[in-house]
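Input: a single structure, listed below in structure tokens.
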Amino acid sequence: MASACQILRWALALGLGLTFKVTHAFRSQDELLSSLESYEIAFPTRVDHNGAMLAFSPPAFRRQRRGAGATTESRLFYKVAAPSTHFLLNLTRSPRLLAGHVSVEYWTREGLAWQRAARAHCLYAGHLQGQAGSSHVAVSTCGGLHGLIVADDEEYLIEPLQGGPKGHRGPEESGPHVVYKRSSLRHPHLDTACGVRDEKPWKGRPWWLRTLKPPPARPLGNESERGQLGLKRSVSRERYVETLVVADKMMVAYHGRRDVEQYVLAIMNIVAKLFQDSSLGNIVNILVTRLILLTEDQPTLEITHHAGKSLDSFCKWQKSIVSHSGHGNAIPENGVANHDTAVLITRYDICIYKNKPCGTLGLAPVGGMCERERSCSINEDIGLATAFTIAHEIGHTFGMNHDGVGNGCGARGQDPAKLMAAHITMKTNPFVWSSCSRDYITSFLDSGLGLCLNNRPPRQDFVYPTVAPGQAYDADEQCRFQHGVKSRQCKYGEVCSELWCLSKSNRCITNSIPAAEGTLCQTHTIDKGWCYKRVCVPFGSRPEGVDGAWGPWTPWGDCSRSCGGGVSSSSRHCDSPRPTIGGKYCLGERRRHRSCNTNDCPPGSQDFREMQCSEFDSVPFRGKFYTWKTYRGGGVKACSLTCLAEGFNFYTERAAAVVDGTPCRPDTVDICVSGECKHVGCDRVLGSDLREDKCRVCGGDGSACETIEGVFSPALPGTGYEDVVWIPKGSVHIFIQDLNLSLSHLALKGDQESLLLEGLPGTPQPHRLPLAGTTFHLRQGPDQAQSLEALGPINASLIIMVLAQAELPALHYRFNAPIARDALPPYSWHYAPWTKCSAQCAGGSQVQVVECRNQLDSSAVAPHYCSGHSKLPKRQRACNTEPCPPDWVVGNWSRCSRSCDAGVRSRSVVCQRRVSAAEEKALDDSACPQPRPPVLEACQGPMCPPEWATLDWSECTPSCGPGLRHRVVLCKSADQRSTLPPGHCLPAAKPPSTMRCNLRRCPPARWVTSEWGECSTQCGLGQQQRTVRCTSHTGQPSRECTEALRPSTMQQCEAKCDSVVPPGDGPEECKDVNKVAYCPLVLKFQFCSRAYFRQMCCKTCQGR
């Protein structure tokens, strides 16, 4: 495996808190559950948008047989309730995952056995109801819910419980599911390293020197020149990754043929959602174009525990099955789609270095995207969390390094490590990308390495309903769905955040679910509104997710060179505003460049490439120090810094990119910018179309030189060097070639008879010969003619000579020699300087007109002096294409808010920036530096007719439970001074005088008692009574009191008897008082001990 491969060692499903190594993937769900610290069992239920059970519902979670119909609804709602979790999933079909021509192929040992179109009906993405901006859901609904739920800073995984009860269930119900948090995953094996196989010369080097496969030191030899990259800009555009997904035979056997397809697509659905997050800084669409399920081993594909060898085999195999009859995004005649990257999912417990199980979960070449044999990855199946492994590995193919490896992400005070983290901890967020990952992929795409992702393949499109559900079902109906036909809404203030309903027991309750979007609402500032994303907004308005917009360009940076043509750059960011609530990332140019310091360097200055190579003289290479010179041979990238070790027979790439402004090749004005060769006009302006003519005159018409061409044949061989042709000083485009493949040798001689170059038999010829102010390129091989070429101009006259050997040569020569001044035509056409740009920003134009000039003094003369046949065409180019600074754009005043008396009128005031002559973009008000013009102003009309006036609302009556507020509505004169009969005002415009309200729950009915009445007797024991009534909180009679708590209405009482004083002073006679008839009872009940009874029944009680 190439040394640029990265290995993702993620333990089980995100592996939070990983200080361990995964030694094997879970082979059964029982093994997974035993490894969890905690999990819950839930029964997901198909519901409506309010969480109410569906009265009639199509089958949910039912395993679809081949050919069977499938649920094709674009919007679904599921309730997932467990002891400590409660989710209401709002799901929308994922139309962007599958290309329109995606197929599922089943392969046996002999190859493709059969195929069919893939079914995308099970793939959904969305959010929790009422939490669109803070939650994420990606699931498959075939055979149960398989997927991820992200909410409240926690990630949950859900999947059907294998072996659960199979009893009868309604069509809207499902079987038991396992719900567990990512943080509950654990594993006993410890190993913190994420292996990266690397070579010693690359250790400690910056990431940009290690992103692509490091080239080895190569011996000198014959190389062929690679074509240069075309001109590209740093542009944010939508990319499409057409993906081949392959599941090996162990995957098919483990998950079963009937379920493996939807299982794999559920994983890829999560992968696609990860790449759509705006934190990536680019719009990347993962599209599955081909799904291959292997039922048997393939003859040329070897998959084992050894990840490196398996990946090598898979990369070659997937390249071999690519159709060569397709072009771009066209579907080949054989119906097999091409792909940009290939993903292998295996049940093997893979390991990077050995054919035994260990902790490796994924492997992919870094920077391999769009390279046929390197855009591939192997991923171990560990459940739904395999999606994070696949996204991580595809990130590597985009040139991403691990967060914290060769970059600052993850360090203290820096951007935290995220999806590309080598080690996942509790603080790692694997659902977003770090700023380092964003920089890696942006650099990769801007360097032109992702060209295969620009074509847009056909995909399946769906039409979604647009009617707000709250308009179809009002709040009372939503309550009835949840709590029965007698339920209704019972609280009205915060209906958009929580819907409160009367339960069957007549209590006002809520399940914390907001009312459906579109439900009518009312606030202190909004008389009529509707609910939208848990907020009451003016009726009819629909706040949407905010798409990102470009911010202003930064000032131009420093020039990369002080002379010879450098580069200055300016950039902008997608932050005005940043994309929010699922808004799209910006499309367009993110970095621009311009030429600077185009003046020639002083004579004798060191070559710019030589200077960069020499800086590595003090850097050890494989433990030794070398003197480095520029390597000028072929077979290397034009904009990489490839240096030759002086005195040694090898060269190597010392930097992936030269400094901006370095010429791409000798004898060219094109320069390198950000590692790619960009076109430069002969005026040394980046992107200029100005070219040299055949005389090497910038913008010339070719009239300053003439072409000299001929064939020379000497009379006899062996007579020494013979003169072939004299080339005058100033000649350009010199070319000499031996047509007979003879053993002759070429030589150059100056005017002073000095031999500048001599080719002797048997002497190897160098490739580059700096002579006469230019560079001659000498090419000679056993199977090609000897040739000598130079771009020129030469600063001295030269004579071409030939030494003929056994065979007579035939030399073809051609060059453009300057025309003597007196031979020039007196007048000729020339381009005038470019006119001033027609606009200061947002795209203007410049024109370069043609004028007739005198050749002797270059003065302009009348056009008729020049020939009309040779007139040059007028030129035009774009200029000042950068957007204009933000400014306020003011609209016309509206009509007065009132047709009578004093009112206000308004106008639109928008901060916007002109991007081009035909496009303007609205910005946030803070982007405009000038004060905002007024939006409102007063206006005056005729006297107004009478109108309705309202007084303040009364208190809610009754004081508890459902009630009403009242207010007085009067017909008033326009000046509000007189009250008029109601008939003077328009009846249709009369405001409501009552409004429903609800303060609190009313207290229950209670028993009320009166004071106790008088005792029934005047002396002794008797009874007294009181009244007991059941009354409501309003004091009205009620029957709702609890009978068991009813107070008593009667109790015993005792009246004090008057004392009897006998006359006289003698001793009192002991006798019973005649009027007391109960003395026998006093004796019977032993009351004689009491003073009263002893006195009244003295005789009876005597002696007792």
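Glycine residues also receive a Cβ, built from the backbone N, Cα and C atoms like all the rest.
As recorded in Swiss-Prot:
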type     : residues               : note
ACT_SITE : GLU393                 : active site
BINDING  : HIS392, HIS396, HIS402 : Zn(2+) binding site
DOMAIN   : 888-943                : domain 'TSP type-1 3'
DOMAIN   : 944-1003               : domain 'TSP type-1 4'
DOMAIN   : 1004-1058              : domain 'TSP type-1 5'
DOMAIN   : 1066-1104              : domain 'PLAC'
CARBOHYD : ASN90                  : N-linked glycosylation site
CARBOHYD : ASN222                 : N-linked glycosylation site
CARBOHYD : ASN740                 : N-linked glycosylation site
CARBOHYD : ASN795                 : N-linked glycosylation site
CARBOHYD : ASN892                 : N-linked glycosylation site
REGION   : 706-818                : region 'Spacer'
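It is ASN892, among the glycosylation sites ASN90, ASN795, ASN892, whose Cβ has the fewest other Cβ atoms within 10 Å in the structure shown. Here the domain 'TSP type-1 3' (888-943) has, by DSSP, the following mix of helix, strand and coil residues: 3 helix, 25 strand, 28 coil.
Within the model, the domain 'TSP type-1 4' (944-1003) shows a mean pLDDT value of 87, rounded to a whole number.
ASN795 (N-linked glycosylation site) falls within neither a helix nor a strand when secondary structure is assigned with DSSP, and so counts as coil. Here the candidates are the recorded positions HIS392, GLU393, HIS396, HIS402, and by Cα distance the one nearest ASN795 (N-linked glycosylation site) turns out to be HIS396. Here the Cβ of HIS396 (Zn(2+) binding site) has 27 other Cβ atoms within 10 Å, regardless of which shown protein chain they belong to. HIS396 (Zn(2+) binding site) sits 54 Å from ASN892 (N-linked glycosylation site), counting Cα to Cα. With DSSP classes pooled into helix, strand and coil, the tally for the domain 'TSP type-1 4' (944-1003) is 6 helix, 21 strand, 33 coil. GLU393 (active site) sits 30 Å from ASN90 (N-linked glycosylation site), taking the Cα positions as reference. For the recorded site, HIS396 (Zn(2+) binding site), the DSSP three-state label reads helix.
Distance from the CA of ASN892 (N-linked glycosylation site) to the CA of HIS392 (Zn(2+) binding site) is 53 Å. Mapped onto three states, the DSSP output places HIS402 (Zn(2+) binding site) in coil. Across the domain 'TSP type-1 5' (1004-1058), the DSSP tally of helix, strand and coil residues reads 3 helix, 21 strand, 31 coil.
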